[in-house]
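Quick notes on the structure that follows.
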């Protein structure tokens, strides 16, 4: 028993120090002393496994391997927030909610951290589950990975509820992100794009030991559960901090909207002093009873609003406008930019949205443009610096034909975007529909990413998403394709550039043939190609001097023919024009080839240009400077695809319906449509009028559904899916009785059981739950602490109010 007491005491001591260091930022002992105590506990636990505890501080080091993350349904939905982008919008929101609730309204202001949303579940003071936000209804179980994050308490302190969920963000501090990227660059790996994506990706790593090496942090701000000992948002933050959670210290309680605006103004200036990415402020009605009165819309709580800080802006050059084709055939113009640092990431492209936007901005190739990146993931161009415009520039003429299949584009009246009508034969549409079908929110098929789908499609193995269910092992194994690498070259001042190491490697082939590894070492010692001639190669570790001297002789001869000063080469880079002139001197007289070079945005584009086809070994040269590689589908991936395709047959009808990719039918509407009609046969028979009667289905969605199911090709695909036993019918919910059939209920207040259990009783007896009161509500079930405005509204609408006891009499 002495050993057990010692182990328990060490665990409690380490948990205390963990709290002091990671939550309060007030360490009481040195890192060395902490590590020594942790080591002592590890040794004791190894000698006495009978005292094992999954939430011991020693379990944070990771080691568990998760190959497939289980999907978990959230007990309480994780809603998204409505956004506002101006003070006026925020004030309008405050005006709206004042009309819906009685009394003074106080607000809790919290910074909006840019991370990966997470829900943690605690029972009896211990962490039992960590689930990603997912689609808000369900997410992935990443418990083993989250346990490695030091600021996530495995055991709670003080007087906490029996069970509750706490939500927040997993973030990666700037300092940790920079250190992580420095290590990747040192190891010859590509740096990560931004902290948010890195944090999110870390949570899905299979080995939790790898996750434990990443300096992730967890900031928590929302508690969900039944009969909790809290009555306001700000109180919940204080309680959470007492229980051992890291709650942002920047959160504040404000008495009115003017104080809220002062808070926003302060943090708009000082947000850059914080160690994390933030993109706004979240304003919440503080009082929980007022929150309940306000309720929710289909997507977000009415009692909260996110204010987005003004986007960061930079100026750069628009090199070229290209066009992308989406899975529905929608054409999106894309601005290809000179790389610019913006909001923590390198921006090379921005969406131009549609023809109207291009005309409105009067944007032209060669313009200096203003680029913004705010709350949006994709940057956008907001204006043109007309003072710097070339006087000879010409207005942009929008594409008239599909850039992929050549079909003439169409634009429907009243719609902003042009469309390619070649639904059946346009490759990006076909591939896009297949990508959508296998996505996480649809059929959730592992192994079939965009690259793999493209290999199978371009090699003639698949033509539509029904083909996934007819694939065999031999169809997939060994299929290969060149992998395009758009990051291998960048455009600057109108010329493609390539890194020095790649340039030396490509040039030296046949001129000494320096290895790729040695080429990278040499490239790291210089900033311009001409510096090779003054480089002391003996000082460059382990490089073959004989090969290097031969290369210099050949390069020197080639340079006698070329005026190097006529080319623009960035620091640490070489102009691709220069490289081609050095290696293929005939190119200088080839005007079509020069035009191709001028118009290419990426080195890989030159491989598909006929102007270069008669040059010996040109493709091999371009392959080397573009750092392309051939990818092949291996055994493990093949088996994963086949197993995941088979597993996907269990997905429910609403998921299958969403996966079909019917234009305008989103995830939420797919669920409602599936629940309403019950099976695909009834849906296919439904008229436009019947569809419009369904809430959230307007004329546009109804027309899209009808059009989809009258297309012969789509019907063939659906029939092929049915032959492979996909779910085209909703499972009927078991009902205890039909005593509440035709009746609708709103549940408000607290009861002897949880509200979720009460709602379950309603559904099990044939009734329907509503989110808010309306004329169609049959009963309001009244619990303790129900807001007064609910009662007023129920009386006004003539809705009958009953107690919990009266409700249960109804279903006896």
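The chain as shown is numbered from 1 upward.
Positions of Cβ are set from backbone N, Cα and C atoms, glycine also.
Marked as active site, N6-AMP-lysine intermediate by TrEMBL: 112. Per TrEMBL, NAD(+) binding site is recorded for 31, 32, 33, 34, 35, 80, 81, 110, 133, 169, 284, 308. Per TrEMBL, Zn(2+) binding site is recorded for 402, 405, 420, 426. Marked as domain 'BRCT' by TrEMBL: 735-812.
Structure with TrEMBL features highlighted.
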residue	record	Cβ contacts under 8 Å, 6 or more apart
33	NAD(+) binding site	none
81	NAD(+) binding site	282, 300, 301, 304, 305, 306
112	active site, N6-AMP-lysine intermediate	278, 279, 280, 281, 282, 306, 307, 308
133	NAD(+) binding site	78, 116, 117, 118, 119, 139
284	NAD(+) binding site	107, 108, 109, 110, 233, 291, 303, 304
402	Zn(2+) binding site	325, 331, 408, 409, 420, 422, 426
405	Zn(2+) binding site	420, 422, 425, 426, 427
Its Cβ having more other Cβ atoms within 10 Å than any other among the binding-site residues 420, 426, the winner is 420
Secondary structure split (DSSP) over the domain 'BRCT' (735-812) reads 27 helix, 17 strand, 34 coil
Around the recorded Zn(2+) site (402, 405, 420, 426), other residues with Cβ within 8 Å of the Cβ centre, ordered by sequence, are 325, 329, 403, 404, 406, 407, 421, 422, 425, 427, 428, 429
Across the domain 'BRCT' (735-812), the model's average pLDDT, rounded to a whole number, is 84
Simplified to three states, DSSP reports residue 426 (Zn(2+) binding site) as coil
In three-state DSSP terms, residue 284 (NAD(+) binding site) is classed as strand
